[in-house]
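Report on the structure given below.
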């Protein structure tokens, strides 16, 4: 039981960090489907920097690369007003491809000084709270939320909608970068091509599951972590085929979504902002 | 007509090929750097190229199964005379292309269908898994050994069974707890499956999947483990006891030499099937190249005793003598020697003989001591 709760938190943490990153962007009105690729690139960056300069610079570098890749996505979705889904998918593919290519020389190397998972778990929980307070208690947070609900109002206040969205993508990208750092420095201290293994997509689903709320994202991520662990803990002790267990977390996500019904996306989500339209 | 044109094109391709160098081309299913299956094939390719001065090689990585024919088309145009397809899923594509290019030699890893110009090959680990099972049986304190497995297919089942037979030969009451992750490559699943097994009391680990995750996870809790496919000692120097290491180059060099010498032609490969084991040097028991057992764990294995034909023998001595017996040109030991019953008590290999190649390749039953879900288990 204790073990299950511990795994729920430790496996939930990368999903939470990446989910918070995607959530920030979505609350400002930008869908970020690039999470998987951004996370992979950050994981590689973290590993490479940690090899050269030590684990903490690795974490910072991952945050930086995550933020940069968020701003890169912003270039297309905010400034050029490209279709957010297409741009996001392109960033996902680009990040995965680039990390695979650039990471060849780091394949199969162990990391000398891994970071404790517990530290990241604590950071994740604190960040969930901070994101919540930021969104609800600060002026910038208010503008960020408004950019996702009613960008015209933000514009009328004389605040740049594009600027707010860049901020959300950059900060969110940084959080996604931390998720990558967790994977390559703590959870599985090494780098391999494709090591994100779909967690970025789970993080995007988490945002919807959590109804765009950071604290619910915390619970949702841990819940997902718990299910993921249980599929192996219960395999063989209950007469259910392992394939069905593997599908269970996803089925339950759909179930929760169907039952929760009332969750509502930010109104301006997915819509590029153009003044005067 | 189409055949003729293609034939001419192929011949042209051959003529344009580099001088008298033999060009062998490799199709990989994953990225070269994955530290598992594809990485091992690429190590084999490089070693073959280094050993054979008349050899030139090419490769294409991460080829999806449906894309194998276009890649073969390209290779043939580029003058490849021998094409190695290194994934089971390439089977239909390879057989189709083999008809289209009757003058090109194909070799299909893990394949089960051959043709006049298609051979099959495999380097199998079951003997090594048995030896590592002996070590695991000696090292477990809880009597629970964890096994993280990719897919419930005969190859993986054969490995688990050999391992479990080894574990039980030392510790007759031990259990081998199996968890399927239904993926060759998924570090998160491998990690959580290992955590689940640790939570259930497993204290020694083996696995069949393509990452060192199990080793890294087990080592955090001080649990021993056995590497797979490539030397994995570096991931946990104090905890990797031994492992299975492949030497694809042994097969590649032998095959290519025979092509060069004219022993293998595009007309006589119908019965060429490599199922190479310890005796051929295609696989090795080792925590690293040339190191069968981690020196840190040798004293433990020397102190542990097991009963062999009524006599007490140190487990270390037993492992070494069986390793020697299986390395001989005519092995005097095989793990799947009858009588062997499955975990339901049904006799699977009768007394007095060892498992046939066909029995090994189609193994679906579970050995005694194996605990866990077992899809496809015969009634």
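Yeah, the Cβs are placed from backbone N, Cα and C, and that goes for glycine too.
Where the annotation comes from TrEMBL, it is an automatic prediction and has not been curated.
Annotation comment: TrEMBL describes A:6-25 (among others) as transmembrane segment. If one looks beyond the transmembrane segment (A:6-25) by at least 6 residues along the same chain, the residues whose Cβ comes under 8 Å of a Cβ in the stretch are 31-32, 35, 38-39, 66, 70, 117-118, 120-121, 123-125, 127-128, 131, 144, 165, 168-169, 171-179, 182-183, 187, 199-200, 202-204, 206-207, 210, 212, 214, 217-218, 220-226, 228-229.
What TrEMBL records for A:37-53 (among others) is transmembrane segment.
Taken from TrEMBL, the feature transmembrane segment applies to A:59-78 (among others).
As annotated by TrEMBL, transmembrane segment applies to A:85-103 (among others).
The transmembrane segment annotation in TrEMBL covers A:115-135 (among others).
Taking Cβ pairs closer than 8 Å, the transmembrane segment (A:166-185) reaches residues 13-18, 20-25, 27-28, 30, 32, 35, 38-47, 50, 55, 58-59, 62-71, 73-74, 77-78, 111, 114-115, 117, 120, 123, 127, 131, 140, 144, 147, 191, 195-196, 199-200, 203 in its own chain, all 6 or more past its ends. What TrEMBL lists as transmembrane segment is A:166-185 (among others).
TrEMBL lists A:191-210 (among others) with the feature transmembrane segment. Among residues of the same chain six or more beyond the transmembrane segment (A:191-210), those with a C-beta under 8 A of the stretch's C-beta atoms are 14-16, 18-19, 21-23, 26, 32-33, 35-40, 43-44, 47-48, 92, 96, 99-100, 103-104, 106-109, 176, 179-180, 183-184, 216-217, 219-221, 224, 253, 256-257, 260, 263, 265.
TrEMBL lists A:217-234 (among others) with the feature transmembrane segment.
Nonlocal intrachain contacts for the transmembrane segment (A:240-259), taken as residues 6+ away from its ends with a CB within less than 8 angstroms of a stretch CB, comprise 205, 208-209, 224, 227-228, 230-232, 234. Positions annotated as transmembrane segment by TrEMBL: A:240-259 (among others).
Contacts between the transmembrane segment (A:37-53) and the transmembrane segment (A:85-103): present, as 3 or more C-beta pairs lie under 8 angstroms, all at sequence separation of six or more.
With a threshold of 8 Å between CB atoms, the same-chain residues lying at least 6 positions outside the transmembrane segment (A:115-135) that come near it are 9-10, 12-13, 16-17, 20, 23-24, 27, 55, 59, 141, 144-145, 175, 178, 181-182, 185-187, 189, 213-215, 217-218, 221.
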